[in-house]
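Right, one structure below, let's go through it.
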Amino acid sequence: MATTISAVILAGGQAKRMAGLDKGLQLLQGKPLYQHCLQRLTHQVSSISINANRHQAIYQQSGVEVFGDELEDFQGPLSGILTALERANTDFVLFVPCDSPFLPLNLCEKLQSAVENSKSLLAYANDGEREHPAFSLLSTQLKLPLRAYLQSGHRQMLQFFRQHKGISVDFRLQKQAFVNMNTLQDIEKYQNIYA
């Protein structure tokens, strides 16, 4: 039976480096950042939703399902990942951050190939120099271990991924795909690139 995969755009952060503005809603080339992600995921998976803890009504205008973290007291991206895994009706969930408008068009394909070839429950991207755990594919079988990990006070994605023998997948030929917009200056820098 074929592996089923859904995708979630992670937009639940506090955006401290962006003066608290909702990163996913900031405009790049006239379009909110999250919509760039949505567009690049559309041909990779059949079902996409958004994890957002603020401005949910605005995100819902995109026509996709929007949900907040179930755990209280903002606990980082793993909290959104846990909620997504617990809600999923697919075997795996593909995760991407809302502030990475150039994400790889073959992200799902390469991460899926890695988990299938290794029989691992998760895979995540690297660009040849840095790990990018927010670009990841996780089995829904990880929801109980992830809940236990968060309840024990841990928050580091890579630590959890390594504990569960996550496969780091090389995207060094697409390094630019992992550029993320952490500040308004980052967005300004890329306004005219790829236009």
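Keep in mind that glycine also has a Cβ here, set from the backbone N, Cα and C atoms.
The GTP binding site feature in Swiss-Prot is assigned to LEU10, ALA11, GLY12, LYS23, ASN51, ASP69, ASP99.
All protein chains shown were included, and the count of other CB atoms within 10 Å of the CB of ASP99 (GTP binding site) stands at 27. Annotated Mg(2+) binding site per Swiss-Prot: ASP99, in sequence order, evidence recorded as sequence analysis.
In this entry, GTP is bound by LEU10, ALA11, GLY12, LYS23, ASN51, ASP69, ASP99, whose most widely separated C-alpha atoms sit 18 angstrom apart. The local packing around LEU10 (GTP binding site), expressed as other Cβ atoms within 10 Å of its Cβ over all shown chains, amounts to 26.
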